[in-house]
Structure formats: structure tokens, C-alpha cells
Amino acid sequence: MSGRDEVLLAAAQKAREYAYAPYSGFSVGAAIQAQSGQLYTGCNIENASFGLTVCAEQVALFKALSEGERQFEAVAIATDAATPTPPCGACRQVLWEFCGDIRVISASSQGKTAEWSLAALLPAAFDNRSLATEKPSSSHEH
């Protein structure tokens, strides 16, 4: 693992310390590396209305986007799990929208690491090319 990746993972591990996860007990930290060199971090923030919970990867990405970043190199995730955990499906989709096929690095609480490409985690991704630009013909035309 490169020194740059180690710094990214360390930032994700630090962000995990700020997680608010009283319902699941599953604390997650994330850090995203912008091509500018800047790192942005986030943690998961749960809510009693579970659908309002925000994932760490989305917090980190949205912080970066709100600061004007638009190009990214990698995202790191740190969890309390015994094995490295990839992003949930929703985070994969959100990351794809703004980052395309970036590297995803994950570290477990026991120091194990794994790396994937986002394309490997989200095959046949839904994106702007998936949206129909023509109206389908209707069988009910008169």
C-alpha cells in the first residue's frame, strides 16, 4: 500500500471516531482524495427515523463537492468490522455519479485491508447514459 493510501485510510479511521451510530452500533469513517490533493472526511450519522441516516462515504463526498471539488482519485472506508467492508449499494451509486470508476480502499478494525475498483463493485452501473432520451411508443396510440 502506498504512503498516500495509508494517509487516506488514517483519515478515514480518525473520522470513524466521530460516527453517531447509537442504533446499529456500526461506526464508519470515510475519506475521499480529490485530484487537487485535498482530503475530505465523513462519518455515518444515524437517525431514529432510519431512512434519514447518512453514510460516511456520502458525507465525505458531499463535503468535497460543496467545496468545489469535481475530480477524485480514491475513497477509503474504515469500519469496526473484523473484515474490510465495501460501500453499501446506495453509496456505490452516489460515488459513481460523481467519481466514476475510482479506487475503493477499506480497512477493518483488525488492520486488514482490501481494494476494489468502483466498477467491480457496481457492474452495469446506472448513470446518465441509462436515461432514455426518446419517449417509448405507446401501444394505445389512436
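Heads up, the Cβ atoms here are built off N, Cα and C, so glycines get one too.
As recorded in TrEMBL, the features of this protein are as follows:
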DOMAIN    3-129  domain 'CMP/dCMP-type deaminase'
BINDING   Cys55, Cys88, Cys91  Zn(2+) binding site
ACT_SITE  Glu57  active site, proton donor
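Positions of the features from TrEMBL, shown on the structure.
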residue: Cys55; record: Zn(2+) binding site; Cβ within 10 Å: 21
residue: Glu57; record: active site, proton donor; Cβ within 10 Å: 27
residue: Cys88; record: Zn(2+) binding site; Cβ within 10 Å: 14
residue: Cys91; record: Zn(2+) binding site; Cβ within 10 Å: 24
Please report the three-state DSSP label of Cys91 (Zn(2+) binding site). helix
Remaining residues near the recorded Zn(2+) site, that is with C-beta within 8 Å of the centroid of the site residues Cys55, Cys88, Cys91: Ala56, Glu57, Gln58, Pro87, Gly89, Ala90, Arg92, Val94
For the residue listed as 'active site, proton donor', which of the three DSSP-derived states applies: helix, strand, or coil? helix
Can you check how the pLDDT averages out over the domain 'CMP/dCMP-type deaminase' (3-129)? 97
